[in-house]
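Worksheet for the structure shown next.
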Protein chains: 2
Amino acid sequence: MRVLGIDPGLTRCGMGVVDGDVGRPLGLVDVNVIRTSSHLSVPDRLVTIERGIEAWIEEHRPDAVAVERVFARSDVSTVMGTAQASGIAMVCAARRGIPIALHTPSEVKAAVSGNGRADKAQVGAMVTRILRLDAMPKPADAADALALAITHIWRGGAKARIDAAVAVSRQARPAVGPAGVRR
Amino acid sequence: MRVLGIDPGLTRCGMGVVDGDVGRPLGLVDVNVIRTSSHLSVPDRLVTIERGIEAWIEEHRPDAVAVERVFARSDVSTVMGTAQASGIAMVCAARRGIPIALHTPSEVKAAVSGNGRADKAQVGAMVTRILRLDAMPKPADAADALALAITHIWRGGAKARIDAAVAVSRQARPAVGPAGVRR
């Protein structure tokens, strides 16, 4: 599956596309950061972000989009812009019917490094290793977007396996209802 | 001028359209509230809000859009959804090149009631009086959206008068530059 990870932000919005499945090596497809100037109005900055995300969805056709879950308790000076950018990211995907998942920063850190409180450098180092890159993706927003995509593939994989197991166990039990009534 | 006021929210997003100019009676064009169910995912709710705002801009063709400015210090449980909805509202207008203004709740309360700390009932009563309505618009989000549009016309009017005065004073002074050089 191909996942677009989005680390939302008004000044820098990271986008990372990863191909892969659980239990197999993951591959980097592309990574980028949409930057918007603080000299522009917030609406114009949000339109720039929307166009950037739209262009990437068009180009890379992801099967799913993973967005960082934003919390109100985050840094107050940037949280409103981050929330607005995350809303734009969700709408871009939802308009096209692409499944969206939100992952918290701790979930992402735990997934890629095994430590929910890992620092930026650790996350960047693990992303570099997992995707077998020559250098750490810069800036941190780029690495974070890739970490989101990796997290989504790994977590989604676990969920898909559970769903499959549930489906198999349902099939194993005889169906109850009109079709099973002996006449 | 025609102004679309938007009181952003994930559960209820108020939209009010007002026609008018400073110093002349204002008129209600239309008012509505987009409601989205909490049973839907946030991305789906945001898409519903986007479609509702898009449809209204198409139908009413406002000259300007006034959106309530959201603060991070607002109620934490709803502030993220409100921020996301406000981002969607801004993008809908900015994509079409419609000017956008943000007004704080205190600015709106002060503009319509003379008191920056007026309560919902007072704002609703003043909106009813200013627009000469038979009954108070319900719910409060509808009245708040109309109050935003009224505020924008009145504040925008003051700004337009200042801009006009500046333009006149510039014309009164002889132009400096190549065109004014005596040969």
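Cβ atoms here come from the backbone N, Cα and C positions, even for glycine.
Predicted automatically and left uncurated, TrEMBL annotations should be read as such.
Features reported for this protein in TrEMBL:
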- A:Asp7: active site (ACT_SITE)
- A:Glu68: active site (ACT_SITE)
- A:Asp141: active site (ACT_SITE)
- A:Asp7, A:Asp141: Mg(2+) 1 binding site (BINDING)
- A:Glu68: Mg(2+) 2 binding site (BINDING)
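Of all the Cβ atoms in the protein chains shown, 28 others lie within 10 Å of the Cβ of A:Asp7 (active site). Secondary structure at A:Asp141 (active site), as computed by DSSP, is helix. All protein chains considered, the CB of A:Asp141 (active site) has 26 other CB atoms within 10 Å.
Under a cutoff of 8 A between CB atoms, and with a sequence separation of 6+ in the same chain, the neighbours of A:Glu68 (active site) are A:Ile6, A:Asp7, A:Pro8, A:Ser86, A:Leu102, A:His103, A:Thr104, A:Pro105, A:Val108, A:Asp144, A:Leu148.
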